[in-house]
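Just below is one structure, and these are the notes that go with it.
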Amino acid sequence: MASFPTCSPAELTPLLGLAANATAAADYICNRFTATSDSFTNTNYAIDNTYLLFSAYLVFAMQLGFAMLCAGSVRAKNTMNIMLTNVLDAAAGGLSYYIFGFAFAFGGSSNGFIGKHNFGLKSIPSAVYDYSFFLYQWAFAIAAAGITSGSIAERTQFVAYLIYSSFLTGFVYPLVSHWVWSSDGWASATRKPESGGLLFESGAIDFAGSGVVHMVGGIAGLWGALIEGPRIGRFDRSGRSVALRGHSGSLVVLGTFLLWFGWYGFNPGSFLQIAKSYDTSNVFYGQWSAVGRTAVTTTLAGCTAGLTTLFSKRLLVGHWNVTDVCNGLLGGLAAITSGCAVVEPWAAIVCGFIAAWVLIGFNKLAEKFKYDDPLEAAQLHGGCGAWGLLFTGLFAKKQYVYEIYGTAGPAGRPYGLFMGGGGKLFGAQIVQILVIIGWVSATMGPLFYIMMKLKLLRVSREDEMAGMDMTRHGGFAYVYHDDEASSHPPAGFAMRRIEPSGSSPTPVSESRNNGESTNNVV
């Protein structure tokens, strides 16, 4: 909303005439006017904080989507394991982000590399941040950790999840978010003038985290899966790919819809406030309109990517596969996350179409190089996230960039290359991609390697073959029949007859000695 006008008794008194009580009347009027103005200001804060809290709840609900997607994408014998790791990502990430992560990311004023204030939320709330902002950013941090857990599913020790999740949410991810989203960050498009100039006079535009969240989680997962190696049986002795299909398409679809729903907090919520005017002649147009447009671009990119994957895979493999469609749709959502607020709806369709082919291409490369990622997380979030950053550098619209990020000086701010804005923004986006790959590789790669050498990363061959639900978590999630399980019971296995109540069951061997039939068994 537009700023409320001020009232000055000194300016108002002459307008009230020469009455003896003119000064007192002016003071009274201005006091009431100020009280009304403060009430409107408080209402604005309440609206914006409520909007941000609601967005945080939506993003946090994505953890349930991750859990369902992961559970459906793994074999049934590892269901409890992958569900527990998703809970761990949220719990361990919450503490590490509270103690260290938020301060490293947004603890200003600081340098361009790392924040250095507000550890343990000290001095929060302030004029800059409230508790709602912390909650929202925590939900983003644990989303990055959840992405990584999918890449290393079905073969990773539980302690490894605890170590990498705390390190990723407490240090690796916060520094990237500081660089791109903090007003002190060296690559930030909102960098304060006193902190230094903008990268290529533009800064990197990653509105909701195609790079900051998705690439960080995807690249971390890439290193984890590379160092661990593929699951047993994923490739045969000749090197050919063997599909180890997830056990529940229903859970995959449920998880996809929950993630899609949460994305409406992820992308539109990244405005952080909604009650803001753009000071145009159209009183009905403001940040609330940009929020709606962002929801539309998010929707169109996901829909286009899902449909493109559907028909592309039909042509490539000859059947309609719901899991492929769900992953394609999520790839489109991951790609549009960077530019969702600064592109036209028609451009989102272009983004989704290409994102689907990016995912298909990276999956082909993964198969060729014998890379095993049960959730396709590195290909989806890393590959499509990188495409999303490039897409923003190509299609960001001048009007939307100026409304959200400002003009950045008399010469204006660069915008999309294909929209006539030159190549500076595109160059900043390339720098962001390269830096994220380098930073995450330099931190998470050695961490996974050290855990592997200390035998803290991968479970034993016996545990992996039997399934971690039974060997590590006390039992299976539910009764199931895996495709790989034998249809014949082991030698010596026999079940007992069901006898009428009140009598004890008779062993099969004993019934045979009595000449009874053993056909009625369960």
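Cβ coordinates are placed from backbone N, Cα and C, and glycine is handled just like the others.
Feature annotation from TrEMBL assigns transmembrane segment to 50-74 (among others).
The domain 'Ammonium transporter AmtB-like' annotation in TrEMBL covers 51-478.
What TrEMBL records for 95-114 (among others) is transmembrane segment.
Sequence annotations record features per position, and here TrEMBL assigns transmembrane segment to 134-152 (among others).
Annotation comment: TrEMBL describes 159-181 (among others) as transmembrane segment. Residues 85, 88-89, 92-93, 95-97, 99-106, 110, 112-115, 137, 140-142, 144-145, 148-149, 152, 187-190, 204, 206, 211-213, 216-217, 220, 224, 432, 435-436, 439-440, 443-444, 447-448, 451, 456-457 of the same chain lie 6+ residues outside the transmembrane segment (159-181) yet bring a C-beta within less than 8 angstroms of a C-beta in it.
Sequence annotations record features per position, and here TrEMBL assigns transmembrane segment to 207-227 (among others).
Sequence-distant neighbours of the transmembrane segment (248-266) (same chain, 6+ residues past either end, Cβ-Cβ under 8 Å): 54-62, 64-73, 76, 140, 143, 208-209, 295, 298, 302, 322-323, 326, 329-330, 333, 337. Taken from TrEMBL, the feature transmembrane segment covers 248-266 (among others).
Under the heading transmembrane segment, TrEMBL lists 346-366 (among others).
Summarising the annotation, TrEMBL assigns transmembrane segment to 426-451 (among others).
Taken from TrEMBL, the feature region 'Disordered' applies to 491-522.
Sequence annotations record features per position, and here TrEMBL assigns compositional bias 'Polar residues' to 501-522.
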Reported mean pLDDT - the domain 'Ammonium transporter AmtB-like' (51-478): 94
Residue numbers, six or more beyond the limits of the transmembrane segment (134-152), whose CB comes under 8 Å of its CB atoms: 52-53, 55-56, 59-60, 62-63, 66, 69-70, 73, 82, 85-86, 89-90, 93-94, 97-98, 101-102, 105-106, 121, 124, 160-161, 164-165, 168-169, 173-174, 177, 209, 212-214, 216-218, 220-222, 224-225, 228, 266, 269, 272, 373-375, 377-378, 381, 444
Long-range environment of the transmembrane segment (346-366) - Cβ separation under 8 angstroms, sequence gap at least 6: 296-298, 300-306, 308-309, 312-313, 316, 327-328, 331-332, 334-336, 339-340, 372-373, 376, 378-380, 382-384, 387-388, 391, 395, 397
